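Input: a single structure, listed below in structure tokens.
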Amino acid sequence: MAGAAAAVAAGAAAGAAAAAGSVSAPGRASAPPPPPPVYCVCRQPYDVNRFMIECDVCKDWFHGSCVGVEEHHAVDIDLYHCPDCAALHGSSLMKKRRNWHRHDYTEVDDGSKPVQAGTRAFVKELRSRVFPSADEIIVKMHGSQLTQRYLEKHGFDVPIMVPKLDDLGLRLPSPAFSVMDVERYVGGDKVIDVIDVARQADSKMTLHNYVKYFMNPDRPKVLNVISLEFSDTKMSELVEVPDIARKLSWVENYWPDDSVFPKPFVQKYCLMGVQDSYTDFHIDFGGTSVWYHVLWGEKIFYLIKPTNENLALYESWSSSVTQSEVFFGDKVDKCYKCVVKQGHTLFVPTGWIHAVLTSQDCMAFGGNFLHNLNIGMQLRCYEMEKRLKTPDLFKFPFFEAICWFVAKSLLETLKELKEDGFQPQSYLVQGVKALHTALKLWMKKELVSEHAFEIPDNVRPGHLIKELSKVIRAIEEENGKPVKSQGIPSVCPVSRPSNEASPPYHSRRKMRKLRDHNVRTPSNLDILELHTREVLKRLEMCPWEEDLLSSKLNGKFNKHLQPSSTVPEWRAKDNDLRLLLTNGRIIKDERQLFADRSLYTADSENEEDKKPTQNANMKTEQSSGREEAESQGSPKPLNRIFTSVRSELRSRPSEYSDGSDSEDSGPDCTALKINFATEDSESSGDEKKHEITSHFKEESDIVRNLLQKSQKPSRQEIPVKRECPTSTSTEEEAIQGMLSMAGLHYSSCLQRQIQSTDCSGEKNSLQDPSSCHGSNPEFRQLYRCNKPVEFGYHAKTEDQDLMTSSWNKQFDRTSRFNAQDLSRSQKHIKKESSSEINQKAQSRHCVDSNSSSIQNGKYTLNPSLVSCQISNGSLSPERPIGETSFSMPLHPTKRPASNPPPISNQATKGKRPKKGMATAKQRLGKILKLNRNGHARFFV
């Protein structure tokens, strides 16, 4: 003591002298900072990671490892004397035990205080109590039966017991594996957390000291090890977690390798407990599910179901100051007892409240995992932990960060399921909703500062939350509609065992990723340049590859006769809206994708994917028996096209009806109808196969009339500046144009067919294309509309002439719209006089302006006008989307823009161009950008 006092005095004097020197010489450089104070006999500075104890005599601090005092022993010391002081004042004084039922055993046992959990009296009483058997709720099964498919179908809501290791995928050391082997693989210097059961308090100890305690038959107290995670040790090689835990685990499936956050290691725990070790009721951190396997010994689980009432009671009990004095099993309706013997494996689901008693010395292995089956319960448990102010040591590491990773991945999963036409399972939808709610809560202004730390750098929180909202809303809207069954696919992107068939969804997803990887655009391109390159690429395509996807219909026409080899690569980049071509109508169906065996590419390697799904994806309508017979009687698509072309040129309409469109496509949809009056005509034997109701007329005048009428541009087709003069090859061009719209290109065959066609006749007659092309479903279906309001009339002679000429012009113009005719039209220019053009434009404007009226927000046609209204070769943005146009969707090289550029002819000479359409750059911008009026939103 004298030496210590002298040292203190000397230190004080030195400090005073240094202070005086600094005051007397202010101009000098400041002295270096004093060294940190040192403690203990080792004279080392303070280390927060090492246990230290204070001497009650000299008031100096000593490392427990330097003076031979364990942390769990320190609580039993009443007065501590360091080695120097012990020589003068004697050894340390220990506390005296006065009870066996309280955590503080120094309290006087007057019988007034209740028993606390973990004490010797508590364990003795617990062993003597009777509980309902867990056999009432537990599910026992073989390892091969416990699959992800089973849990997704039946849920993971009750504990599962697997008596044997067979087919479970769990690999463990032999039952002869001891605590000394653990020390050898993990290392004796590793500091571990140890539970002092009698006090229900945590302390730290080296693994070597714990093994020494465990092997000692005379144990002064009960110590339990429940949190030795060994994933980063050599012992990890001896243990493989069950297959089901690995397949379901969020960490295994969603945690990115390049994350700035350290990967949570919670899958491999070694539990070593001596007899009478007890862990009070708890929910595993983050609401994780847990698996336990008893290598040797025995454990008893007390299980409580996580009902809303029980969870509320648990939170109240956990926050109570008398928690240790109340056995939680007495507060609930039922507490089940489950004995896990050597070799048994127990799976405890999310949120189950459980306590564990070690009935005999035991070594067990276990692990925790988050998964998609109970996302809502996991989030509820996490929020409960925050309200209870649970220490970070007992929380799931980076729980919020992994929630962001999972939300981002599940958003992609739901979008792919929707794209593939599958309905996500209810547990996944409910989980995404709960996750979306939690993410929104964390991003509130008053709370974002608390949660910003765990937001990953590669996640845009606001955008992700908005996208989740859209997907959830879309799923809710689709819930009432019939959809394809998804089966039970895996929602985690993991590989299945070889003996378990992979569902169609996995094959599509895998092939999609491979395809996307091959065609990935360099990241240094901006959006405008990307779309500009795509458009320029399309402009160089062959004329017969019609750009059906880019039309203003904002829909997708799936060609029945187009082989998969002719589908351009960019067709996969379409929007989600589909217009399905059925047997008789164009029907908008937003529920499912159209699938056809001929349209499958590399994405459909699975045999299950190649099954036709038209019945599940489309609304079908019965056609007349005559049309079915005609369709069945045509063995080849080419013959059907030839016959439909001949029939198109040989009939005359006498009655016409049209209707306005509705957004919904119902079963009562009716079509545009044209009834035909019968007249005598000549027909060859080959034409009798497709004869409908009217007799045929001679077609030479029809062709000439079509060509003459086509030279006069309709008001709605002004973007075509110049036209080709009539030539001897125009017949071939007209029919070849119609075939190019159908996806076929048989030029030589067409020439032979045209030569064999009878061309003698005098009168013009026109048959409805939707009827005469019964064998060509795609061409016929373009003349149908959804839910029309039907009206009809008997046409007069002048009305018939107007209808025939108007439709002939549109039909001939559409049929001639291919790249070859466009190039010819640029070479052979035919100009009309300005007076004639002005007169025609004014007369057509008067007729068209009086032909339609808006009633109840829908378009209806005046009976005096027979031609359908079209705008620039596409649907007008101001009209309903589903309204039918008598113009096929055109290739980008031939389609006019939504706002056409000014026409540089005499009719428009002197007029200012439209705003935003004066230059080619502005017009290209109109093509690349979204339509601003809200209708037909899509990218080219």
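Please read every residue number as a count from 1 along the shown chain.
The backbone N, Cα and C atoms fix where each Cβ goes, glycine too.
The region 'Linker' annotation in Swiss-Prot falls on one of the ranges 97-114, 673-690, namely 97-114.
As stated in Swiss-Prot, the feature region 'Disordered' covers range 483-509 out of the listed 483-509, 753-779. Cross-referencing His208, His344, His354 against the Fe cation binding annotation in Swiss-Prot, which names His282, Asp284, picks out His354. Taking the Cβ of Lys299 (substrate binding site) as centre and 10 Å as the limit, one finds 24 other Cβ atoms among all the protein chains shown. Across the range of the zinc finger (37-88), the DSSP-based residue counts are 14 helix, 13 strand, 25 coil. Long-range Cβ proximity for Thr279 (substrate binding site), meaning a same-chain Cβ under 8 A and a gap of 6 or more residues, is found for Ile195, Asn224, Ile226, Ala355, Val356.
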